[in-house]
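Right, one structure below, let's go through it.
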Amino acid sequence: MLQEGAHGKWTVSSSDESTEENSDSEKPSTSSVLDAARDTSGPQYPCSEARKTAHKRKASPLKFSDKSFSAEAPPAGKQRTSQEGSGWCLSSSDEEPEDQEKHAHRETVKEEKSDAPKEHPLNLCKDDELSENQKAEEYYEAPSETQDTWDLLNGGNPFRFFLTKVRGIQQSYNSGALHIKDILSPLFGTLVSSAQFNYCIDVAWLVRQYPQEFRKKPLLIVHGEKRESKAELLAQARPYENISFCQAKLDIAFGTHHTKMMLLLYQEGLRVVIHTSNLIADDWYQKTQGIWLSPLYPRLPQGTSGSAGESETNFKSDLTSYLMAYNSPTLKEWIDLIQEHDLSETRVYLLGSTPGRYQGSDKEKWGHLRLRKLLKEHALSIPAQESWPVVGQFSSIGSMGADGSKWLCSEFQESLVAAGRSVMSLKCDVPVHLVYPTVNNVRQSLEGYPAGGSLPYSIQTAQKQLWLHSYFHKWSAEVSGRSHAMPHIKTYMRSSPDFQKIAWFLVTSTQLMIRSYELGVLFLPSAFGLDKGYFHVKGKMLSESGNPATYFPVPFDLPPEQYGSKDQPWIWNIPYTDAPDTHGNMWVPS
């Protein structure tokens, strides 16, 4: 069946595709340990099929060659692609996409094992003799230069919102950014123990990010793996006696443990880090990622009640409630530690999701209904706010329904347009701008096509919601020097019509769903002493402009640019063979 939209057309299989949720949620695959041992080309940690494909394409690139690929026409009825505006085409047979791609790959492509990719203007580093994975692994092996770490932590960044460092961009744009080694550095505190909450975890790599003197300190890893992938994760940790695990319960279908948080206990106090990066080398190398770094929380005097040390944003009680939702004895120790510390300096609101079906007021504890409640209680009403657009920027897309009325422009948007005590029923009258990378964004990125492995939007889902693509806007981040560093960060905001002000800003682990564990932080002007109901948007992330607490560093360009007629959203599980990426390669996800 032919489907067509403003941003692509394709022929859709007539079979009933029922795997869309798995494709888009970055759900870990459950390949066995034996399979992993046999397939040395794959990552040695549980991860999604999209990421496995990216890993394979990095290890064994398919070099772009007009002659070798187009000499033979694809077999009739089999999969083919076009990027000249006509979009994507899939077979009308019931054959699985992967099988089709393997067939096309066998017929038309000769796979080459690559040495290092050739130098490209976007890849500014000169160590091309290293593999991409080696570059990612060795990136920031040496401690950071004596950058203004103390300035960063003590007033230089009042929002405590940071981006991760990116290899291959102008170094000035990494000033004020953080690598995981910076976060775990002794400069931030003398570590006693830590807990790492995450989705995709390379244990050996994670251990190496800790300074030598901290590598044997107790480390708790909180994860959502099951069965074979859990066995793989535990096997990774066998060499490390200091590592223990907490498995998050995931009883709802397609639920995941997407939360990305660090709890760092120091001799000097406690720190909480909420971020968007998986604990693997690739996520800290050439992607745009976000970090919220808490102040150093001092220990409360002995005998102080657990309710002491609360912030005006109720961060302490919200964090303990979130941890209690795991219903895990293993986390009780960390809940007690949080109770023993003073979190009163926190100026952000915690916004989490935990799997479950909630009734009554419990519905407002998690997900986008929690956001709605916070905005109603703490955001100020703004004159003519019906003209203030909602901007959502993300790296993964699930099923949104047959049209906008099913969720995006109804329940979800109602949460994002809430402000003050007034009840607004604006629905789709409020402009909605969704920022998601195009095929060309990915092709021209620092990583090339493999960057698309962390953008798991599948053809099975895309073909069912063509209406959604009319809301799409390109990824562009000249403001932070990261236009070519594909986003894994997820952000939402409410902007003024001229995009010079924002009423609030949310950075989070993924979509605001309640079938998964998610965690993010919400920045509201009122928590930073601003009574006008908005932040100004900072023109350049590195620029100095007036009172730093009034200018928020939005990490991508505003206003976002809508897709043009030839732009297509990146879809990870179809081939792109008409143009090479920045490493001279094609993308065939077989």
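For all residues, glycine too, the Cβ spot is worked out from N, Cα and C.
For reference, TrEMBL has these:
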type: REGION; residues: 1-128; note: region 'Disordered'
type: COMPBIAS; residues: 79-92; note: compositional bias 'Polar residues'
type: COMPBIAS; residues: 100-128; note: compositional bias 'Basic and acidic residues'
type: ACT_SITE; residues: His258; note: active site, nucleophile
type: BINDING; residues: Lys260, Lys490; note: substrate binding site
type: ACT_SITE; residues: His488; note: active site, proton donor/acceptor
Integer Cα-Cα distance in angstrom, Lys260 (substrate binding site) to His488 (active site, proton donor/acceptor): 12
Rounded Cα separation (Å) that holds between the residue listed as 'active site, nucleophile' and Lys490 (substrate binding site): 12
Number of Cβ atoms other than its own within 10 Å, given for His258 (active site, nucleophile): 26
Among Lys260, Lys490 [binding-site residues], residue with fewest other Cβ within 10 Å: Lys490
Neighbourhood of His488 (active site, proton donor/acceptor), C-beta criterion under 8 angstroms, separation at least six: Thr276, Ser277, Asn278, Asp283, Lys287, Thr288, Gln289, Ser395, Ser454
